[in-house]
């Protein structure tokens, strides 16, 4: 009800249809008062008027989204969310394609309005991973397109310099499937020049401010806009706009949409090429013929551009400084002057950026477009440049204002003219409302035979000298008497003096006011030609993206056909757009700019009044007041509201119109509020419609209560019957359960009595016959059971088969300790036997040697513990491999036991000399290592003993029998690095040869022998 009170507020009504009295002054005063209260939205029926506040307002929160979700359009305060919700619900519930037309001057807030519509629709759609992905891609297309297509102008810090129309496609449930974006007439002349106080496209400043040092180095750019000619070599930062943060947002948005890192890099490289082209300077020179020519003044920038696009610098320099002209069968290379060279440079930059922007839109469409074959509904959102009136208006302003004329024509035809014609078609009495039809202005511009665009195309294609003067002369001849066209010549013919209209200019009386256009540059911009040399140079580049932008540069596809002019292309695009908009149900948002200084909450009445007039708001209100605010076909109207009548609910058997008349007569609305057409019901006041909706909501509540009551009664009856059936089943089961329990109790009692009786009989028999020998039998039985349990448990818990594992389960009872120990010994010996059986003969011999060493030295000599980890190799000299030792190998005669190098100690002076020691099955030989000749040969029978110390040295005293030939010289003192193995081998060999053990003495003192 708060919203209804707002709509009927006497000082600031929310719906201007209710304004009383209706004058320009009262309408302006109402908008100003609502603006002062921060109510920036106002209705004219179902048209929303939006006044730009130039500051953030707390009216776009998630709570506000929920407030306007599924709301009645006239039941809430005027808001852009209301028209977005109404359009979305009409699309979802009534299966009607929608379009939202956002119009107004530049700076009136159209771009923000389109973003608010899109964000609201995304917020109220159902949730889901795939749906959220589509919504996010649709929303994230805005930052990308704004970066490349928006710029700061004198009137707007974020002005759209291109037209954007987005068709968002939904499935039958109202969930977004994807979309298609169309772009119109990018203002590419801004690339090469813009007036002081304005900026080039945002992307250049964002890239220079937000790009990392590594990225800028890769793109061969320097930070700061003052280094670049196309940016007017001036630092340009906007208050409240963070270019670096916007660049990061743009990169994140590209990732969400689905751009690959390679595509982003290629896109930024081409952007950098455009920026650097503005720094390519040309210098004048003269050819031998005296003709002026131009050349590159500083080749560094040119070389860096060619490095980015992988092109030979000479190719690009030739394309910029010369032109190839084909005359009949001859090809002539013509040098360009400096001014012509700069024209080529700028034309190339404009074409690259324009085509790059088209590629960007197509790439976004590739990500967000819907797969073919799916049934879909469409909501179109049009955000296109507003009407522009500058101090100096050129070709761009002419085209932009032509587009706005066409949009105004749609508004006139579909909200004013169509409004009246519909009443006539339906047979409703109507008081005609006078309005201005701007079709005559559209015809002046777009007439295919004698319109301004047709004349411009004719001048561009006419052979001979062509300039803007001939163009203006032709216009003056054609439109001398046209009441919406003026020029200096037509004024002179009428003897009118107007100093504000100079030569080479013409003036059109647009719906938004009079605009004077300077024709300078009209023909050049309409031709929009790019020399073939430049296209072929771009095609020759090995940069994949840049090359794809210039397919006409392919030498194999050269076409001499002139491309369509910019004006004719735009006219065709606008015609397609109009056809698209006519096929949808329109929803209007009329944006108003409150002041020219972009000051927050400042309202300039004169400026707003001018916009009220050219937007046709007064005519719109008059039509709404003279006519009916709501109309609908009888069938859907009756289907929606038949629940309000006792005769039409729940079913109506008659016709839809009769049912509607019966319903409304029963509701007793004033007759002047209603009108019955041939196919539709018309309701004059939104309040009546709101009353209908209110009654419907109340009736829905009553019907819901009735349905709930009937459902609860049915549910209670069903529950009672189910409970009764369940109770019968439970009773039957309970009685059966009780009988079963009684029987079980009786059975247990009988068994207990039987058990007592049997026990008594057994005890009596036991006492009589078995009591005398029972203890012995019980003891034997228990003993056998314990032994059986022990052996079975032992079988399940035998220790591992490793011979190093000496573990054994303990005996569970003391009387089994002896048997357990015996079993342990048997098991261990059996394990050892199994291990020995697996050994190879060589391994057995090695282990026997190790065992023998253990018996000889364990706990007796310190060196023994160090030898444990060293395997006994026996042969350490390599007799078979070394030819030098062939004689010694012959001495061994395949009976070699051990061979190593030892040190022989001279007993006289303690000096040592190396000797080769060979131990065979019969002899011990000491040989000279140099000559490899035996020096001493001892028979094993000559050795009477060996002495070693108990320390870790390798000293060995070999005691010889005095009767032997070698023993006459005394005992031998040797130092061996394999002492333990040597003594062990000597002991084993002596045992095998003489069956006598080696006399081993481990002592710290050696007895004296004979000899030196």
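Glycine residues also receive a Cβ, built from the backbone N, Cα and C atoms like all the rest.
Among the ranges 528-550, 551-573, 574-596, 597-619, the one that TrEMBL lists as region 'Actin-binding' is 574-596. Counting same-chain residues at least six beyond the ends of the region 'Actin-binding' (574-596), those with a Cβ under 8 angstroms from any Cβ of the stretch are 31, 35, 46-54, 80, 83, 86-87, 90, 96-110, 113, 117, 155, 165, 167, 182, 184, 378, 380, 382, 386, 402-403, 406, 410-411, 414-415, 602-604, 607-608, 611-612, 615, 617. Excluding the listed site residues 104, 105, 106, 107, 108, 109, 110, 111, the same chain places 52, 156, 159, 386, 591, 593 with Cβ atoms within 8 Å of the centre of the ATP site Cβ atoms.
All chains included, 24 other C-beta atoms sit within 10 angstroms of the C-beta of residue 111 (ATP binding site). Per-residue pLDDT, averaged across the region 'Actin-binding' (574-596), gives 89.
When the binding-site residues 104, 109 are scored by other C-beta atoms within 10 Å, 109 scores highest. Other C-beta atoms found within 10 angstroms of the C-beta of residue 107 (ATP binding site) number 24, with every protein chain shown included. Residue counts for the region 'Actin-binding' (574-596) under DSSP, helix first, then strand, then coil, are 9 helix, 8 strand, 6 coil. For the binding-site residues shown (105, 106, 108, 110), fewest C-beta neighbours within 10 angstroms: 106.
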